[in-house]
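Engineer: From Swiss-Prot, for reference:
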- 17-241: domain 'AB hydrolase-1' (DOMAIN)
- Trp23, Ser83, Leu84, Phe145, Leu146, Gln147, Leu148, Gln149, His235: substrate binding site (BINDING)
- Ser83: active site, nucleophile (ACT_SITE)
- Asp207: active site (ACT_SITE)
- His235: active site (ACT_SITE)
Amino acid sequence: MRRQRERKSMPDAVKKVYLIHGWGANRHMFDDLMPRLPATWPVSAVDLPGHGDAPFVRPFDIAAAADGIAAQIDAPADILGWSLGGLVALYLAARHPDKVRSLCLTASFARLTADEDYPEGLAAPALGKMVGAFRSDYAKHIKQFLQLQLLHTPDADGIIGRILPDLARCGTPQALQEALDAAERADARHLLDKIDVPVLLVFGGKDAITPPRMGEYLHRRLKGSRLVVMEKAAHAPFLSHAEAFAALYRDFVEGGLR
């Protein structure tokens, strides 16, 4: 069972939202976003296997992670995935279409690394440099990562102070390594044509990890999707531009989705 932070709904709530974090993080990455979402929404932020408080059963597998979340969903839900969590969300929507009402993918990807027919991906050396820094001193570099995301954000210190203590409990080194290896190997491009739900894509114009070209690729492949690029955001638009992001997502979910 994956641990999750859950916010109960008001009695008339009809929507259920699941938030899926990215690599090297946990459910507390969404602690600043959750209070900005409508109080009538029941919201669950889940931990991926081996992250946060969730147990780790080897090996880390993207499809298995999606299946585990699907097992928690009892009616079509609105799924928001960030970075690696967006990849998990794609697998969830393709493998369990009856469990997904809509998708919001923010700073995410169908494939992370570049190849001959996918120039939108990252070059391996750039990815390796970033990951190496996190491996050497996670607590130091996750704080620096947050500081960079919130560079021009009012109350940046307050946001970091609220989420960093719980976020720093990132999971076991083995789980993080296997999750990264799985992300590097994963290729969900063959799943995109199977997805037939409303999709909102939100990317940061200054994101060097999942640059907007990855969002443009998803937009071309996911029929009926909507792409929004927040020009001054980087890899975590829901943190750096929390109010705008929350309003955008609220309008997407409550405004008919398409």
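Here the Cβ of each residue, glycine as well, is placed from N, Cα and C on the backbone.
Remember, it's a predicted structure, so these values are computed and weren't measured experimentally.
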Engineer: Note down the number of other Cβ atoms within 10 Å of the Cβ of Leu146 (substrate binding site), including every protein chain shown.
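Structural biologist: There are 20 such Cβ atoms around Leu146 (substrate binding site).
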Engineer: Between Leu84, Leu148, which of the binding-site residues has the fewest other CB atoms within 10 angstroms in the structure shown?
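Structural biologist: Lowest Cβ count within 10 Å among the binding-site residues (Leu84, Leu148) is Leu148.
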Engineer: Are there any residues in the same chain, six or more apart in sequence, whose C-beta is under 8 angstroms from the C-beta of Trp23 (substrate binding site), and if so which?
Structural biologist: Ser83, Leu84, Leu176, Ala179, Leu180, Ala183
Engineer: Which residues of the same chain, at least 6 positions away in sequence, have a Cβ lying under 8 Å from the Cβ of Asp207 (active site)?
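Structural biologist: Listed in sequence order: Ala107, Ala233, Ala234, His235.
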Engineer: Any idea of the Cα spread of the substrate site, Trp23, Ser83, Leu84, Phe145, Leu146, Gln147, Leu148, Gln149, His235, as a max distance in Å?
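Structural biologist: So the binding residues stretch over 20 Å, Cα to Cα.
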Engineer: Counting Cβ atoms within 10 Å of each candidate's own Cβ, which of the recorded positions Ser83, His235 comes out highest?
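Structural biologist: Within the set of recorded positions, the most crowded position is Ser83.
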Engineer: In the three-state scheme derived from DSSP, which category covers Leu146 (substrate binding site)?
Structural biologist: helix
